[in-house]
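*Asks:* Below: one structure in structure tokens.
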Amino acid sequence: MTEHKSGFVSIIGRPNVGKSTFVNRVIGHKIAIMSDKAQTTRNKIQGVMTRDDAQIIFIDTPGIHKPKHKLGDYMMRVAKNTLSEIDAIMFMVNVNEDIGRGDEYIMEMLKNVKTPIFLVLNKIDLVHPDTLMPKIEQYQSYMDFTDIIPISALEGLNVDHFIDVLKSFLPEGPKYYPDNQISDHPEQFVVSEIIREKILHLTSEEIPHAIGVNVDRMIKEDEDRVRIEATIYVERDSQKGIVIGKGGKKLKEVGKRARRDIEMLLGSKVYLELWVKVQRDWRNKVNFIRQIGYVEDQD
């Protein structure tokens with residue numbers, strides 16, 4: 001009988017290297033928020049990948065960055081604490097970029113970790129194959145890795161091969177989650193992240209990190225329709241105007257795009273109602289940060 005492998009794998013890396021894209025690719029559903037703006041992942045997103053011979057729980061940690069407020073401090077603590085809880089570490093980098101200070105900081109942090117560490121060179125679809133070996137050698141000069149795998153999370157290139165390699169290093173174990181469970185977050189959290197993603201896509205650089213989303217109400221009205229009421233929080237009146245847009249046009253577009261993804265997630269029709277409220281300096285208010293879902297694990 002074939003042994004069953006299971007384990008927890010942390011994905012760590014600088015902002016925008018493709019961690020969320022990878023999680024969504026291997027899970028087959030949108031669990032982690034994707035955007036071209038930095039620091040879009042705020043919580044540990046546990047995506048559960050179940051195969052006949054293995055179950056891997058991927059923890060998509062916030063991108064490593066220098067904190068600028070209490071929410072940033074929280075994001076960094078989540079990233080570092082995750083390393084002590086897992087069976088393997090994926091250190092993901094953008095192969096199309098030079099090694100930066102953030103990469104060096106992460107490698108310094110990983111040097112004393114005993115867990116298997118895989119260097120995953122993402123975005124190989126953007127570079128010539130001849131550039132891969134020099135980049136690999138650069139990273140190897142900093143530290144030893146359990147294995148080094150080039151992939152494209154967006155295109156799916158070499159992702160299955162990486163999963164096979166990863167499985168070989170995981171311990172034998174049971175299924176921690178049912179076959180049909182793809183995340184340990186409640187549906188409301190995933191819904192709020194989908195709404196936040198659409199705002200990130202549609203607003204300018206000043207807005208994204210001032211955005212918080214809370215699902216106030218989510219009820220099944222009948223067999224094939226779910227009613228969702230959510231509040232979008234910003235820090236300034238000017239930001240509220242940007243999110244709403246002229247004549248409410250931008251907010252309507254946010255709702256339209258979010259509704260489409262939420263209906264795919266829930267498998268039913270969705271009535272989505274959105275409000276925008278100003279909560280001044282909310283990223284420095286610990287109680288409010290907890291209130292809208294960014295809560296550290298309790299021991």
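Any Cβ shown, glycine's included, is placed from N, Cα and C.
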*Asks:* Among 60-63, 172-175, 184-187, 236-239, find the range that Swiss-Prot records as region 'G3'.
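*Replies:* Residues 60-63 are the ones Swiss-Prot records as region 'G3'.
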*Asks:* For the record in Swiss-Prot, which of the ranges 122-125, 138-141, 158-161, 202-205 is the region 'G4' one?
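*Replies:* Going through 122-125, 138-141, 158-161, 202-205 one by one, Swiss-Prot gives region 'G4' for 122-125.
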*Asks:* Using DSSP and collapsing to three states, where does N16 (GTP binding site) fall: helix, strand or coil?
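*Replies:* The three-state answer is coil.
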